[in-house]
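> For reference, the structure I am asking about is given below.
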Amino acid sequence: MSKVYDWFEERLEIQAIADDITSKYVPPHVNIFYCLGGITLTCFLVQVATGFAMTFYYRPTVTEAFASVQYIMTEANFGWLIRSVHRWSASMMVLMMILHVFRVYLTGGFKKPRELTWVTGVVLGVLTASFGVTGYSLPWDQIGYWAVKIVTGVPEAIPVIGSSVVELLRGSASVGQSTLTRFYSLHTFVLPLLTAVFMLMHFSMIRKQGISGPL
């Protein structure tokens, strides 16, 4: 085993990386409220795991979406638990993100030189809200359908380009299969990818600049 470790150590300098991680200074003023961002990340990872599990059974078509969700809840092994955890962690992620934003704002964590960290955090907040909007529609029940119809209809109030934006979001003039396909793609691929990228940027900047000082 030591030879295997030495082989990787010679090429990747694992010990140097470990020393850098474990030797990072944590300011004495840090308390439990500084963990809210990490809890949000944990909720996101739970979302990825449970969401991936549900893709084995979910069918993103207007005729089969609702039935596939029912199958997950009643027939698939532990499907009810996986979907429930997905829903609960989604609510928890939104709550923790809001509390994290308040903590950062109240402690002045957005000030120089951490402006870009704040900007990436705001982008992550928008992405989190987008997860909620797109995920809400996927069961394609009455609530999901009308929620999509209302949300995608909002841009119509924009002068000149409003109708084009609505058609872009829906995939056609009305809500239907194209809309569900778009929202499913956004929810399962585009948004997770963007979230992972901005989280990496967010945590890299925190790692570089350190935790902000007390108020």
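Yeah, the Cβs are placed from backbone N, Cα and C, and that goes for glycine too.
According to Swiss-Prot, the protein has these features:
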type     : residues       : note
TRANSMEM : 32-52          : transmembrane segment
BINDING  : CYS35          : heme c binding site
BINDING  : HIS86, HIS187  : heme b 2 binding site
TRANSMEM : 90-110         : transmembrane segment
BINDING  : HIS100, HIS202 : heme b 1 binding site
TRANSMEM : 116-136        : transmembrane segment
TRANSMEM : 186-206        : transmembrane segment
> Please check if the transmembrane segment (186-206) comes into contact with the transmembrane segment (90-110), where contact means 3 or more CB pairs closer than 8 Å and the residues in each pair are separated by 6 or more positions.
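Result for the transmembrane segment (186-206) with the transmembrane segment (90-110) is no.
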> Of all the binding-site residues given, namely CYS35, HIS86, HIS187, which is spatially nearest to HIS202 (heme b 1 binding site) at the Cα level?
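Nearest listed residue in space: CYS35.
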> Between HIS86 (heme b 2 binding site) and CYS35 (heme c binding site), find the distance joining the two CA atoms and give it rounded to the nearest Å.
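Answer for this pair: 21 Å between alpha carbons.
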> Using a 10 Å radius around its CB, how many other CB atoms surround HIS187 (heme b 2 binding site)?
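Total other Cβ atoms inside 10 Å, all chains included: 21.
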> Compute the C-alpha separation of HIS100 (heme b 1 binding site) from HIS187 (heme b 2 binding site), stating it in Å without decimals.
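It is 23 Å, counting Cα to Cα.
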> Work out how many Å separate CYS35 (heme c binding site) and HIS187 (heme b 2 binding site) at their Cα atoms, rounded off.
26
> Out of HIS86, HIS100, which of the binding-site residues is least crowded by other Cβ atoms within 10 Å?
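Among the binding-site residues HIS86, HIS100, the lowest count of other Cβ atoms within 10 Å belongs to HIS86.
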> What is the Cβ neighbour count of the residue listed as 'heme c binding site' at a 10 Å cut-off, with all protein chains included?
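Cβ-Cβ neighbours of the residue listed as 'heme c binding site' within 10 Å number 14.
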